Amino acid sequence: MKFQLHCHDHHARRGTLTLAHGMIETPAFMPVGTYGAVKGLSPDELQTLGAEIILGNTFHLWLRPGLEVIEAHGGLHRFMHWDGPILTDSGGFQVFSLGALRKISEEGVRFRSPVNGDTCFLTPEESMRIQRVLNSDIVMIFDECTPYPVDMQIAEDSMQLSLRWAERSKAAHAGNPNALFGIVQGGMYESLRDRSIAGLYNIGFDGYAIGGLSVGEPKLEMQRILSHTAPQLPVDKPRYLMGVGTPEDIVRAVEQGIDMFDCVLPTRNARNGWLYTSQGVLKLRNSRYRLDTSPPDENCDCYTCRHFTRAYLHHLQRTGEMLGARLNSLHNLHYYQRLMSDIRKAIEAGQFEQFACRFSG
């Protein structure tokens, strides 16, 4: 892995990340393909939209279809016919989401498979083994996602466990030529975030992610922790904000020096008939669009906006036609990729602050 910073505008950074399967221009947004597919879209469509890297999920791919299937194809890239870089989450957040169905110990996490009820045991070593089979360009350490809200002692215990798991992840990753990213935890406590960063830095990683945000905390709390944490991450390594977020969240995070993002919002909201546009969010189920013959966004040149009207998309949403979800997803991911392109251009021109002010209205 090679990360090169080209320029910056205050804290906002413009760079290039070179990985085994290609190059990524940063700041970058990664569409989420949890099960090895971005819902409803083909790899060719994703490339046409401008996506350079996508995210897969270790936990879900391990359970279904299973490693033997992916290994038979020679890795996740061939299995899903995507020849660009792939980042895989370690499974820590998904285990956290199981709630009472899982039992955490020093060794790892024991839980019942949500697929068939089998007892499963996921450890840092097993997560690294799975991601090696997947041949992920960016491997994430196995960590515990600190819940919200929790008191400081619980958050500290969780952060310390994640640091011990980070050491084990690093040791188990040895011999894998792909990149390994550490994940900063510590809940809503700045001092714990500081100690997490110091511990991860001492272990040494190819990049650093901020985890444990967008887990139910108020927006102002997320911004407080982000603005405290991001500037402390190593300058010469890529910085990844996990699971965030809205277009506004992304612009604010770029202001803090974040380079990489992922979020399910553009595709999930597309399936629910919410489109991101230059004029704000358009909610297609609203009856006001039944006779609206204008495109979803007058300022967008995506396939959906060039060929279809709001009235047609309203009709598809109301009737539950799967084409509606596809067309909406094409538009929303195009919107996100164009946003990242505009952000990169603004940083290059030294105009990012002005861009951010215009964007926030």
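We number each residue from 1, going along the chain as drawn.
Placed from the backbone N, Cα and C atoms, the Cβ positions cover glycine too.
Since the structure is predicted, the reported quantities are computational estimates derived from the model, not experimental observations.
According to Swiss-Prot, the residue from His228, His315, His331 that belongs to the Zn(2+) site alongside Cys300, Cys302, Cys305 is His331. Residues Asp89, Ser90, Gly91, Gly92, Phe93, Asp143, Gly212 are recorded by Swiss-Prot as substrate binders, and the candidate that the same record lists for that site, out of Gln47, Gln185, Gln232, is Gln185. In this record, substrate is bound by Asp89, Ser90, Gly91, Gly92, Phe93, Asp143, Gln185, Gly212; the longest C-alpha to C-alpha distance in that set is 15 Å.
Neighbour counts of Cβ atoms within 10 Å were compared for the binding-site residues Ser90, Gln185, and the top value is held by Gln185. In terms of DSSP secondary structure, the region 'RNA binding' (243-249) contains 3 helix, 0 strand, 4 coil.
In the predicted structure, the region 'RNA binding' (267-271) carries a mean pLDDT of 98. When secondary structure is read from DSSP and collapsed to three states, Asp262 (active site, nucleophile) falls in the strand class.
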